[in-house]
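Novice: Mind looking over this structure? Questions follow.
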Amino acid sequence: MDATTAPHRIPPEMPQYGEDYYIFEMMQNMLEQLLIHQPEDPISFMITHLRRNNDNVPKVVILGPPASGKTTIAMWLCKHLNSNLITKESLLEREFSRLSVEAKSYYQVYKKIPNSILVSLVQERLNEDDCLRKGWILDGIPERREQALMIQTLGLAPKHVIVLNAPDTVLIERNVGKRIDPVTGEIYHTTFDWPPEPEIQNRLRQPEGISEIETAKKLLEYHRHIIRILPSYPKILKTISSDQPCVDVFYQALTYVQSGHRCNAPFTPKVLLCGPLGSGKRLQATLLAQKYGLVNISCGQLLKEAVAAKSSFGELIQPFFEKRMTVPDSIITKVLADRMEQQDCIQKGWVLHGFPRDLDQARMLNSMGYNPNRVFFLSVPLDSILERLTLRRTDPVTGERFHLMYKPPPTIEVQVRLLQNPKDSEEYIKLQTDLFYRNSGDLEQYYDRAIIVNGDQDPYTVFEYIESGIINPLPRKVT
């Protein structure tokens, strides 16, 4: 690039393309794999890596004490994510593996597997084609810190580590009633999860080593080792209480596994706030603009500014304002495009509200190349909206605004002269709210990765939810 032609302006299409196709993340992943494997032919290695297209497959480790439900959660995750479940038992039962035969023979004599053999079994399994294509979920492995370090040294790094915990008394009670289906491998319980089918009931088997004393010994051993394993995964670890319904544990685990970790990729926020009249879109946009320097784009305000500036767009808009008619979408999109193609929007990002209001407008916005990368729907019930808006008043003398409940006028004299904006009438608000919710279903379907935020709470609490949704990567879709 010629330095004499500075300052250089990067076309907005370039960062948009990089963001849409995850170019930065792809290059980062390739560099990581090159450093881990150090191939003699890097070009061929990168071509093979790209053809696999497996950067986003699940790589999960689930740990927990006996009877914490880790195997059940791992099996459910496997089914939901279409991945591969890997347990110590499945590694020992593998056919056509010399290591499995050796490990099984050792286990039958000593009831344990040496760290080096277990890690070699894990490496052999994870390098097979199905694990490379679909990912893997390790159930109860690693068992010791030494195993965790050996696995990391081989470059087999999980993306998410889940640790289940519960009080020992609960775990002992659970373990005593555990039963296993020898056909499917599903785990049941005599009290908490008894199968309704008589056929399954009749074939259930009681596993060995589940007495109270044996369970207590296993718990002691687990607690001794887990505190040394956890420091190996400081940034990808999530602890979940398993002393709750299994479905709730699974939901929390699935939500975490589908979430992405923060990346170093350049990110320019392009935020769209949707919500009914009085949902707080304007306030949230102002807060985002103040904290992160985003350009606050209010569709209605842009149209008013164009008319006030007597621009070419303003001359087109003014007749519609005078007749109190809706400005055509074609004019609105041109005004928006003129604002959003300016350098401050390209460099800093933007937060848009007031547009789109229906599916056609959303498609028009996308066709112009201004597709938001974060969409938030502020959900507020009608009663709260009416309370917020119908009680607003304005002092015609000072221009000061009041709210009869939250900011009442200081004196009776001021209260008597207060006026209400016609747009704050109950009839108008109900009409506008009904119009929004009539179109919101199509918008939510169009922006299928939108985040729904409860807007009926303190505005700074709402802001924290929106801020979290912008800073953290969006959850990945399950294909």
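Heads up, the Cβ atoms here are built off N, Cα and C, so glycines get one too.
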Novice: Quick one: which of Arg145, Arg392, Arg393, Arg401 does Swiss-Prot put in the ATP 2 site with Gly278, Ser279, Gly280, Lys281, Arg282, Leu283?
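Specialist: The one candidate that Swiss-Prot places in that ATP 2 site: Arg392.
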Novice: Who are the chain neighbours of the region 'LID 2' (391-424) in space, where the CB to CB distance is under 8 Å and they lie at least 6 residues beyond its ends?
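Specialist: Those are none; the list is empty.
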Novice: Counting across all protein chains present, how many other Cβ atoms fall within 10 Å of the Cβ of Gly69 (ATP 1 binding site)?
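Specialist: Its Cβ shell of radius 10 Å holds 26 other Cβ atoms.
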Novice: Take the region 'NMP 1' (87-113) and find every residue of the same chain, 6 or more past its ends, with a Cβ under 8 Å from one of its Cβ atoms.
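Specialist: Long-range Cβ neighbours of the region 'NMP 1' (87-113): 71, 74, 120-122, 124-125, 139-141.
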Novice: I need the CA-to-CA distance for Gly278 (ATP 2 binding site) versus Gln147 (AMP 1 binding site), whole Å please.
Specialist: 56
Novice: Sort Lys281 (ATP 2 binding site) into helix, strand or coil using the DSSP assignment.
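Specialist: Once the DSSP labels are grouped into three classes, Lys281 (ATP 2 binding site) ends up as helix.
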Novice: Taking only same-chain residues 6+ apart in sequence, whose CB is under 8 Å from that of Gly140 (AMP 1 binding site), what do you get?
Specialist: Ile62, Leu63, Gly64, Lys70, Thr71, Thr87, Lys88
Novice: What Cα-Cα separation, expressed in whole Å, is found between Val327 (AMP 2 binding site) and Arg282 (ATP 2 binding site)?
Specialist: 20
Novice: Would you work out the biggest C-alpha to C-alpha distance among Gly278, Ser279, Gly280, Lys281, Arg282, Leu283, Arg392, the residues that bind ATP 2 according to the record, and give it in angstrom as a whole number?
Specialist: 17
